[in-house]
Ligand SMILES: Nc1ncnc2c1ncn2[C@@H]1O[C@H](COP(=O)(O)OP(=O)(O)OP(=O)(O)O)[C@@H](O)[C@H]1O
Ligand SMILES: [Mg+2]
């Protein structure tokens, strides 16, 4: 079974004498070691799948790993095996132990928009910049495992002092709502285990072995959780690459890699040096770019997949031209090499860069999927329905109460809600509970009270059904009950209403599938309450998988981590974009260079890098400089295209002609 690994990989898979760190560059088979080791533990070492947890960075990566393991297991059951993100593992533990922390198991999980709203209430401001800063600051404190008191003690400027006060109020509000935010999904389990040794022991007994992918991007809180769970024996394998640490802005700290060597004196380090992904030229380019960063660990990386084609670097006139020529090149390449759409990825620094490429792909009828953009779960129509689910699961969830009570409109107006809010906070009640208080009810007119109670009683009926009836039935009845389809068609143009309704159908279909027993990976069936928490976890990083099997992949560099594609187009390689302007200003170019390294090393066979001479920014056209990373590429491995044309009009015409020729060739 381990014969498909090279010698150091096999050593890593078999090593069980203590904590293990596999430290190696991109494409060297780190993730492969994890999947094989899981199977090795189950098949050769007598571990039950229940005793193993593998932690990945995104839900998508978790799904991929699940599939790999299933293939390697050749149909044998992996029921109970945990392959999840830190956040969903945290959720699993919190749900089981909620009572110890004063939460009910159906607590709500707030997303970033919800917590933004709460902060705005707490701070009594709509100043977005201030709110964003405060939100970021609180999140950093949580990721560093600092309590509001510790934050207060450490605050060394005015903004931090103010933010620390807000942090405290914010936590109190969350607790009152029986809600947690994303950061709490890691921080609370750590608190739990530090305060309740018996709970820790239970989980240590349950999870006998931990495997962690992309270790370089863990933050202090996650590291603490790993240390707690794996105990002094350190029953874990962590794999990572310091050169791919790209989440510093979210509190991840490469120092955690070094810290491992200090905290676990018995830590065994295995290095992998052979890259199985990319051609020699691509790898040389990656190595040479990253060599401009200071080295944390010494690593080597080589490939015997042949020299390969030269990398292409093209200068485009502007972003329209770039999008047009990238798509044109992609089509020509595909035609010439008889490849599939799925062999191509177009990668970029920021989500906003996708729109113009999408347009070009649509014009040319090229199927694509997009990840790292607005999550499917962030769409208004989905959040509307989810607010009902959240309220059904947890009636203390005030943000969900407000959204559900007002969407679709059901006669509950702002005056009612304001009165309700005032009464609820004066009496330390949730909005839902306050609605049933006689004293409050006397404040309202008959019609107001009627509308409010109709809504609350409706939610109560659904609460009863949620624990009893199949999730699918309850969902269908909910949609009918609130007449959501009619609401969409009343408030939107019919085309957009139709899109939204279809999205919702897709969402409900997905939920129903998830609620069936044995739906995937040997899950037990979930009831509506558990599904609600799962939905809330589908984070910003996740894109929409539209199930199109053969499609060009559009992705941010961040979301492309760990993945590989035959042919990669890396667009917008300009100063100010990659490296990002803010990073240049705040002296964080090294992280941007690692992002470039991640981008280059996604490519297996060919890499095309492009930049624009001009670009529109806030309505103004600006001249742009090529990214400094382009100059860092090895000259012999690169061909440059796109000297500035003497006659831009003629060259645009020429571009159109070629495009037409290619379309004709492809019969489109
Ligand atoms: N021993 C091997 N034999 C054949 N193929 C291998 C071997 N090791 C790894 N590969 C292949 O090389 C590619 C890269 O492997 P993998 O994704 O595990 O690398 P990684 O180190 O996790 O990369 P990244 O740093 O980008 O996450 C995969 O297609 C994998 O199947
Ligand atoms: Mg990997």
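Just so you know, glycine gets a Cβ as well, placed from its N, Cα and C.
Database features (TrEMBL):
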- 24, 25, 26, 27, 28, 29, 30, 31, 277: ATP binding site (BINDING)
- 3-279: domain 'UvrD-like helicase ATP-binding' (DOMAIN)
- 280-562: domain 'UvrD-like helicase C-terminal' (DOMAIN)
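Among the binding-site residues 28, 30, 277, the ones whose Cβ sits under 6 Å from an atom of ligand 2 are, in sequence order, 30. DSSP assigns residue 24 (ATP binding site) to a strand.
Between the listed binding-site residues, namely 30, 277, the fewest other CB atoms within 10 angstroms of a CB are found at 277. Model confidence over the domain 'UvrD-like helicase C-terminal' (280-562) is summarised by a mean pLDDT of 87.
For residue 26 (ATP binding site), the same-chain residues 6+ apart in sequence whose C-beta sits under 8 angstroms from its C-beta are 241, 243, 244, 275, 277, 278, 286, 301, 597, 598, 601. The Cβ of residue 24 (ATP binding site) has 27 neighbouring Cβ atoms from other residues within 10 Å, across all protein chains displayed. Farthest C-alpha pair in the ATP-binding residues 24, 25, 26, 27, 28, 29, 30, 31, 277: 13 Å apart. Secondary structure at residue 277 (ATP binding site), as computed by DSSP, is coil. For the recorded ATP site, residues 24, 25, 26, 27, 28, 29, 30, 31, 277 set the reference point as the centre of their Cβ atoms, and the other residues of that chain within 8 Å of it by Cβ are 241, 272, 275, 276, 301.
For residue 28 (ATP binding site), the same-chain residues that are 6 or more apart in sequence and have a Cβ closer than 8 Å to its Cβ are 272, 273, 274, 275, 276, 301.
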